[in-house]
Amino acid sequence: MMQLVIDEGNTLVKVAVFNQNELVWTETYPTIDTTVLTAIFSNYSISKAIVSSVRKGVEAWQQQLEQHVGIVPFSRSMAYGIQNHYRTPNTLGVDRLAAVTGARHLYPDMDNLIIDAGTCITYDSVDRQGNYYGGSISPGLNMRYQALSHYTAALPLVKIDEGFNNTYGDDTVNAIHSGVQNGILYEVEGFIHNYLKANESANVILTGGDGVFLHTLLKNSIFAGYIKTEPYLVLKGLNAAITKHND
């Protein structure tokens, strides 16, 4: 019997099927509907499901899912192995906590800095004893491009250019690319530098929708040797949580 894992973020819904700890299938959707759920239950023998959502309220697809299998909502109490020292734990995003849980599950004997590049970029760390003290939140890649256009009268809305690799822009569009992409690069390198000063043998884990792009930016960085890319970190954290929950 397999486990269904659903991570509903600000923009997209990530769905995965696990056979114990093995990721069998995954897909990303703008939203989930009856067709998606029917296909999943036709192809896989699902015994239990866990849902993590940063959105408020119960959506129609969750009610439909309950007709097939019992749902376990991911909660802060399910971050097994994590000692949560966050001053306001009820305000800590479940997506951040799921990522920390995933890092702890995959690399239990390491200090881990988790950089989740999605709608926002979050920086969270968990040490090898499982202590979590907090992190940082900054605007994501698309949000930065959109903000420059939205909050100014003259700057255009520019899409990501993965081929841009200049220090400076020679026109307005390239100046925006330089500011956004180099700005993120320097920000990320700063967080990594500060973390490694205190934790010399740590992992730096990249995840999120823009995690691969961020890895490309960092490929020539002095920190490249510390970096691991885990695109399914949150899903793996949720799977670890429901597995432990049902033991």
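The backbone N, Cα and C atoms fix where each Cβ goes, glycine too.
DSSP gives D95 (active site, proton acceptor) a helix state. If you look up TrEMBL, you'll see D95 marked as active site, proton acceptor.
Around G9 (ATP binding site), taking its Cβ as the centre, 21 other Cβ atoms fall within 10 Å, counting all chains. Under the heading ATP binding site, TrEMBL lists D7, E8, G9, N10, T11, L12, V13, K14, T119.
In sequence order, V54, T122 are the residues near G93 (substrate binding site), counting only same-chain partners six or more apart with C-beta under 8 A. Residues or ranges marked as substrate binding site in TrEMBL: Y86, G93, V94, D95, R96, T172.
The feature K(+) binding site is assigned by TrEMBL to D116. Its Cβ taken as reference, D116 (K(+) binding site) is surrounded by 31 other Cβ atoms within 10 Å in the chains shown. Taken residue by residue with DSSP, D116 (K(+) binding site) is part of a strand.
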Pairwise Cα distance for V13 (ATP binding site)/D95 (active site, proton acceptor) [Å, integer]: 12
D7 (ATP binding site) to D95 (active site, proton acceptor) - Cα separation in whole Å: 8
Other CB atoms within 10 A, centred on D95 (active site, proton acceptor): 25
Inter-residue C-alpha distance, R96 (substrate binding site) and D116 (K(+) binding site) (nearest angstrom): 8
D7 (ATP binding site): tally of other CB atoms within 10 A of its CB: 26
